[in-house]
């Protein structure tokens, strides 16, 4: 059963289920200015529901997603974009793409290494590869121009869903975030190796998650290098430390404080909030469904924040790195995403090492069989599936270890934060988040056993997040911290942050550009740390940081995948 407009309706069997505060959950409002907005739950038995919401607007949903060059069209760009304005790849010499096959297992195993530790000779190879790509004619699918356009085409609504031409194919805000970018880098790396004539060439990765790598690599700040992009934030050239919580305002933290903050952010996104496949990867996105069902932890931060930190904040759209259509134009994009790809491997490794049973990938065929189109090093159009990219060694590359110091960076709780709920004011959803809002949410279960927690993750769901796609948006989510200003930026009570780059989408009337999605925050570990396991309610404080945002509802669910 599942909730829909205040009633429960049956859903088809799905791979993922959760316990929901279903139709029995109602928002209680009073006329008192000091009353609470409380999600009250009756004593009725909770329902089991599919994890996947039907975002189709009434059309049939289900099956894997695919695209075709024939459906690629002009992108949806924000106001005042930087040229070029067309992102679709050149036509293929063959009528249909070939299916991907894994490389020969006797091929050299490429070893991706951190930029900060590889040395000048290694970085000179990457510099030369970029120069060779930039020298190719723009009509060549292997050119840097066309490689950059891949990200634009898949991220701005250029591609349509095969079989559903009215619906976008979008690889952000969903479970396609990691596998798409892995496939993207796979072909980029092989094209670079082919142009260099070095079969074992591997992309470096920008390891901004470890202290040694928390600065923009100096090779990218040399204005005479092919790695240089003038459309960046000039204040963030080395030796400035990266801020994994950046939203346009410079931090006044010391280097030591910034490193500590970054490591704690990584812990939250890689461990605390990433307890299940859908929390880490993002929400399921199936054929016939509207795009952007909900991003995973790492996509929101550090992925989006590093993009914004690198882009030119003086520009309306924070080009190049700070907006989707132009991010691939910066040669730093590829080491950045090489590190994102490494974090997928790290998440699985941490799960295996610490016994986190939820640190495993989806087994849903709708995910595994979905596909993307790329040109390979021989200029052949190739269709590659998610299933094809799950094993890096079969793809003939691996990562050189740099450690994971954030594993031990569990954030501390904040002492003396008031829990007095008597002062809560009435809140009515949906709401425009133009000021700080605190809501009291009733929990369905308290004092759950270890076995119950291992079986189901308690999750706060923030639904119907609607933003202006032409601007960067960020808001923070605090749990049991009504005095949120007392909490350090990396404090435990800061449960998560929603961070979105400018990402336009023309609505049905053609009058606006909107993004509608959702966000999830894991609660099992958080409530233990806050000593709130036995509390019947928790307070959720939403703090706007940048941009305008509307929120339809909050709820707590109990998920199992």
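Every residue, even glycine, has its Cβ placed from backbone N, Cα and C.
Where the annotation comes from TrEMBL, it is an automatic prediction and has not been curated.
Quantities reported herein were computed from a predicted structural model and do not represent experimental measurements.
If you look up TrEMBL, you'll see 151, 172, 181 marked as Cu cation A binding site. For 303, 307, 337, the entry in TrEMBL reads Cu cation B binding site. Feature annotation from TrEMBL assigns disulfide bond to 72-88, 87-152. According to TrEMBL, the feature domain 'Tyrosinase copper-binding' maps to 172-189, 330-341.
Relative to residue 337 (Cu cation B binding site), the recorded positions with Cα atoms inside 10 Å are 181, the candidates having been 72, 87, 152, 181. Taken residue by residue with DSSP, residue 172 (Cu cation A binding site) is part of neither helix nor strand, so it is coil.
When pLDDT is averaged over the domain 'Tyrosinase copper-binding' (330-341), the result is 99. Secondary structure at residue 181 (Cu cation A binding site), taken from DSSP and collapsed to helix, strand or coil, is helix. Put simply, of the recorded positions 88, 172, 181, 303, 307, the one whose Cα is nearest the Cα of residue 152 (disulfide bond) is 88. When secondary structure is read from DSSP and collapsed to three states, residue 88 (disulfide bond) falls in the coil class. Closest by Cα distance to residue 72 (disulfide bond), from the binding-site residues 151, 303, 307, is 151. Between the CA atoms of residue 307 (Cu cation B binding site) and residue 172 (Cu cation A binding site) there is a gap of 14 Å, rounded to the nearest whole number.
Sorting the domain 'Tyrosinase copper-binding' (330-341) by DSSP state (H, G, I as helix; E, B as strand; all else coil) yields 9 helix, 0 strand, 3 coil.
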